[in-house]
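If you look up Swiss-Prot, you'll see Ser26, Gly27, Gly28, Ile29, Asp30, Ser31 marked as ATP binding site, on the strength of sequence analysis.
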Amino acid sequence: MYNTILKDTLSKGLFTAHQKVLIAVSGGIDSINLLQFLYQYQKELSISIGIAHINHGQRKESEKEEEYIRQWGQIHDVPVFISYFQGIFSEDRARNHRYNFFSKVMREEGYTALVTAHHADDQAETVFMRILRGSRLRYLSGIKQVSAFANGQLIRPFLPYKKELLPNIFHFEDASNASSDYLRNRIRNVYFPALERENNQLKDSLITLSEETECLFTALTDLTRSIEVTNCYDFLRQTHSVQEFLLQDYISKFPDLQVSKEQFRVILKLIRTKANIDYTIKSGYFLHKDYESFHITKIHPKTDSFKVEKRLELHNIQIFSQYLFSYGKFISQADITIPIYDTSPIILRRRKEGDRIFLGNHTKKIRRLFIDEKITLKEREEAVIGEQNKELIFVIVAGRTYLRKPSEHDIMKGKLYIENLEKR
């Protein structure tokens, strides 16, 4: 069997880009077979190997497994890296601990591939589990044989092969695999045996479904590659079906953002119907859309400097945002010059709810001004407001300057010189 797997591995070039590979070894039959396979064919694959093992401390066999793996590494001159799980045990916490440890070892020890012993039975179980949970079609493609991980790749050379084909070599049995406390165990030990009485090719059918799903979504990705997804013009001129695919594909780029079908529909509707929107999604993510584009972004708390107001006295200089303001003192590098009709201090700040500016015949809300001038939400956040005697005297936004209209009785008392520091 190993010869067949070797030929398949070589034909696919799974390890062509790697010299040092880290093997995840639990002590079960799958991972011990993987260890034996990669150790036996190191020369043919042009690799050197290391072993990563987690002692979860949940079973009395854990110490024996660790000791066996340590001794195996010493006998075969293979480095072994051990980590110990601590805290309250759960499947999710244990999995996170494992993969964080694998990533750490790879980065610190120079391994460029993590290799795990997932096989075809695992693939069938994963697809079935996702069907039970109501996952979207794209996720029925299941486990990928090669995927990006840490500073390299995660490779699963056994994935096309059923567990029953692996040699029955020495290994440790995990008694928890018989427990019905875990969904995957119930699928393996209860649901599959019952359903296979109706269709004895059930696992093969699920694997075929995963392969066809993968093929379908690869084709859709290829066919839509030229579309700039976050460009509103490009996105909105597609059919609704293509829009759904594009948005699903875009959201999938954020692994820690899991949106429900209802949340997805809300996001899609906002993109289709709103010109400007900032919408909080979940898990620290929000949707930002303006007239030209939309983006999903991780929310970062606003800094104090964003909220601060600065007081500018006559004959003084202040820096606020990207601008240098000189009140009454000429500067040759000024990009903007504003006439000032009072010598009282000028407050430099960001916009506030209810801000208005006098434009001559009428007073206009800043919010309405931004809408009329098609100022994007990002540009609105960066707008600089100049206030004097509790009255707005200027707004700088999107490279434009809007000034309060002076009355016919106003007398100019000085000038405000403004330099855009980003132009230096």
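Placement of Cβ uses the backbone N, Cα and C atoms for every residue, glycine included.
Annotated features taken from Swiss-Prot, shown on the structure.
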| residue | record | contacts (Cβ under 8 Å, 6+ apart) |
| --- | --- | --- |
| Ser26 | ATP binding site | His53, Ile54, Glu65, Asp174 |
| Gly27 | ATP binding site | His53, Glu61, Glu65, Tyr68, Ile69, His171, Phe172, Asp174 |
| Gly28 | ATP binding site | Ala117, His171, Phe172, Glu173, Asp174 |
| Ile29 | ATP binding site | Lys163, Leu166, Asn168, Ile169, His171 |
| Asp30 | ATP binding site | Ala117, His118, His119, Phe158, Lys163, Leu166 |
| Ser31 | ATP binding site | Ile23, Ala24, Val25, Thr116, Ala117 |
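Apart from Ser26, Gly27, Gly28, Ile29, Asp30, Ser31, the residues listed for ATP, the same chain places the Cβ atoms of Val25, Ile32, Asn33, Leu34, Ala117, His171, Phe172, Asp174 within 8 Å of the centroid of those Cβ atoms.
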